[in-house]
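Notes for the one structure printed next.
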Amino acid sequence: MEQTFIMIKPDGVQRGLVGEIIGRFEKKGFTLKGLKFITVDRPFAEKHYADLSAKPFFSKLVEYIISGPVVAMVWEGKNVVATGRKIIGATNPAESAPGTIRGDYAIDIGRNVIHGSDAVESGRKEIALWFPEGIAEWRSSLHSWIYE
Ligand code: DAT
Ligand code: MG
């Protein structure tokens, strides 16, 4: 089954949005496979955002991600990468639809509350980076009530 890496950024933690965000993924029917509350250091954040290292906003982005604890998660389910991105909303909250996490809870692009993998392959890489110890092996007993 497909997996994605989701991270509640430091602003989401500070603003008390952890329960709300986890609830949206849970209620959709996705399965939580990994979760940790951690503050990452600069080299780690730079590795996570390595693809953006040439962007003018890169250093500000890294500064933001290391500014406090984040909630790092692995969620599993059918099409969870693309659907997760829909739940999260457009990168710039000014363009995120109401009903999405960023559309409901964010204003500035540099404080957009949450990260989600943009493809199955980048998800695989991000999960390996954030969860080198591996993730939980379990199957929800609700499976047959969510999938036909
Ligand atoms: P996303 O987080 O939607 O996958 P991304 O991978 O393109 O977006 O960029 C990572 C983060 O970098 C994004 O959540 C916010 C920040 N960012 C992206 N584009 C930006 C821009 N033009 N100015 C400032 N910050 C930006
Ligand atoms: Mg991205």
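Cβ coordinates are placed from backbone N, Cα and C, and glycine is handled just like the others.
Now, the feature entries from TrEMBL:
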- H115: active site, pros-phosphohistidine intermediate (ACT_SITE)
- K9, F57, R85, T91, R102, N112: ATP binding site (BINDING)
- 1-137: domain 'Nucleoside diphosphate kinase-like' (DOMAIN)
Cα-Cα distance, maximum over K9, F57, R85, T91, R102, N112, record's ATP binders, Å: 21
Among the binding-site residues F57, R85, T91, R102, name every one whose Cβ is found under 6 angstroms from ligand 1, counting any of its atoms. F57, T91
Which residues in the same chain, at least 6 apart in sequence, have a Cβ under 8 Å from the Cβ of R85 (ATP binding site)? G116, D118
Does DSSP put R102 (ATP binding site) in a helix, in a strand, or in coil? helix
Secondary structure at N112 (ATP binding site) (DSSP, helix/strand/coil)? coil
Secondary structure at F57 (ATP binding site) (DSSP, helix/strand/coil)? coil
Just counting, how many other CB atoms are there within 10 A of the CB of R102 (ATP binding site)? 23
Counting Cβ atoms within 10 Å across all protein chains shown, which of the recorded positions K9, H115 comes out on top? K9
To the nearest whole angstrom, state the Cα distance for the pair R102 (ATP binding site) and H115 (active site, pros-phosphohistidine intermediate). 10
Summed over the domain 'Nucleoside diphosphate kinase-like' (1-137), the DSSP helix, strand and coil counts are 62 helix, 26 strand, 49 coil
